[in-house]
Amino acid sequence: MSHIDLNDVVAHIKPEYIIEIEKPCESRQENTTTNDNGTTEPPTKKQKLTGSNKHRPKYQHIPKSSKLCRSVWCVSPQPQQNQKKERKHKQKHEEKEEKPLQPAAQHPPRPAPPPPRRCSFPSCAFMHDVTAFLATKPPDLGPHCHNFHTFGRCPYGVVCRYGGEHISDGGNVVNNTIQQQQQQQQVSINTLSKELQIKLRKRQYDFSKALTCNERAMREVETLPPEEDLIKLLSREKKKISWHGKTYLAPLTTLGNLPFRRVCKRYGADITCGEMALSSCLLQGNPSEWALVKRHPSEDIFGVQVCGSSPQSMIKATQLLEENIDFDFLDINMGCPIDLVYKQGGGSALMRRVGCLETMVRGMTQTLSRPLTLKMRTAIHQNTHTAHTIIRKAKLWDVALVTVHGRSREQRYLKLADWDYIGQCVREADPMPVFGNGDVLSFQDYNSFQERSGVAGVMIGRGALIKPWVFREIKEQRHWDISASERLDMLKLFVNYGLEHWGSDTEGVEKTRRFLLEWLSFLHRYIPHGLLERTQHLNQRPPPYQARSDLETIMASRAASDWIKISEMLLGKTPAEFKFLPKHKANAY
C-alpha cells in the first residue's frame, strides 16, 4: 500500500496560519459561472474541471513595419565628434581635388572606406532607420541588461528592452574585456543551421542509412522465431551511461524548457531531457521544433525525446539527430495522452501497436551510436496493465532503459501512481534498468517509492515544477524550508536564463514572461515546510492561509493577477491589455 492517503486531500497546515473564510449565501444569481471564453452565460453543458484552456488569449504579434531589421540591430555607435571629424576630412579632401595635380606628386589612390552594413533583401518589410526606430521604441523595462553584463555584448543591440547602458549614439556598445573573458561560453548548442534547413525543406538530405536500417528491421521482425526461442544478442557498441541512483527531470511539454532545466541542474538534477519533439516536424526543418532539442553546456547527461507513429519517419529523425546534434541518449515517447497525438498512432497509442513499435526500436538502435530509452504508461485503459508485456520484449530489442509512469492514459494525472505495478515491471525487466515516475514531491516520497519498487532511479515531473529544489532535498536527505526571498532569487535566475535563451527584445521579454507565468501556475502550490504539521503530498491542496511574509503570501496565491504582479517585479510593467490564462485548468492537481 502507498504511504499517501488518497482521501487525505487537504494539506496539514499549523492552525495559527489558517484563515477562516465565511461562505457566501447561496443565491440564484451565483449559478452563472465564467465559461472558457470569458463570458458569464449559464453553461449549456457540464463544464470540465480538467484539461487545457482552449480559449487562451493569443500573443499580440508586432507588424513587420514596426520592427527593426536584424541587419542593423548591432551597428557600432558613431559619436558626434567622430561625425564632425569625418565632415572636416571630407571638406579638406574636396579642396585638394579642386587644385590641379602635378605629375610628380601623384600617389596611389586611397582605398575607399567599407560600406555600411545593409540588408541583403531588396524587398525587406522591416524598418532600417535606427533613429526612427529609437524615437518610437517603448521605454526600457529596467536599467541593467543581463546579456551585456554576462557576455560583454548584447546580441539584441538597439532593440533590447534593457539597453540603456549599451545603446549609445544609435549603436550597440561592446565591453571588450568581458567579451574576451566569456568568449568560450555558449548559451546553447544544437541549433538548426540554415544549410541543414534548406536541405530538409528541399528534400535533399541523404537518408540512405535510415532506409537501410528500416528495411533490415522489417526483415528481422518478419523472420524472427517465436519469443520463447529467442536469445538476446550482445548489445552493440554504444556509449554507456550509468543510470543507477540518478535523479531524472522528466521531459515536460511547454514547461520543460531550457531555462527551467538550467534551474533544476543548479539544484542537483542528474539527468535532463528536452521537450517532446515530433519526428515529422524535425524532418521538415521546423525551427520551433528544433528549438526543443537545444542543450545547455551545464546539462552533462542530456536526452532528446521524439514522438511519432511511423517507423520510417522515426528512424529518419534518429539519423538526422545522430549526425547533426550533440546528445547522450534518445527517448521514444510512449506515454503522451493527448488526443491529437494518440489518434495519429503516436504517444501512448504505441502501447497497442507492438509490431510497429518493434520495427521502430530495432531500426533506431541500428542507426544510433547512443543509448535508446522508452517512456511509457502502465496501459491505455484504466484498471488494465500491459507495460510489463512490452518490457519483457524490449529486453530483446537493445533498449538501454525503460521509464514507467504509474498511471494509464485514461487516468492522465488522476488518482495515485501505481508503484506496486512499477515494481512488477522492474522484476520483468531484470537486468535492464527501470525508472519509476509519479507522485514524488519530497525525499521521503523518493525513499519510500524506491524501496517499495526496487527501481534503478526516479523520474520527477510535476514535483519539480512545484519544488525544483526537490533534487537537492533528495541528495541531502532533508527538508529545506526555503525562504520567500530565496525563491524570488530562483525566479530571477530563471528570468535571466530566459532573456539569454528567448532574447531581451520585446518578443523575447514577453516569451519569458509567459513561460514564467506558466511555471508560477504550478509553483504556487508549494507550501513552506515551516508552516506544515505533516509533509505535503502531491495530491493535497492547501486551505486558505496567511504565510510568514507578504512575499510568501503572494507566492502562494492561486490568482493569475498575483502571478502577473510577481512577473512585473522581475520583468517590468506588462503591456497594455495584457491577459494570462494558464494552459492547464486544474494546474495539475
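Each residue, glycine too, has its Cβ placed from N, Cα and C.
Remember, TrEMBL labels are computer predictions, not curated facts.
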Stretch carrying zinc finger according to TrEMBL (options 139-169, 201-231, 232-262): 139-169
DSSP helix/strand/coil residue counts for the zinc finger (139-169): 12 helix, 2 strand, 17 coil
Arithmetic mean of per-residue pLDDT over the domain 'C3H1-type' (139-169): 91
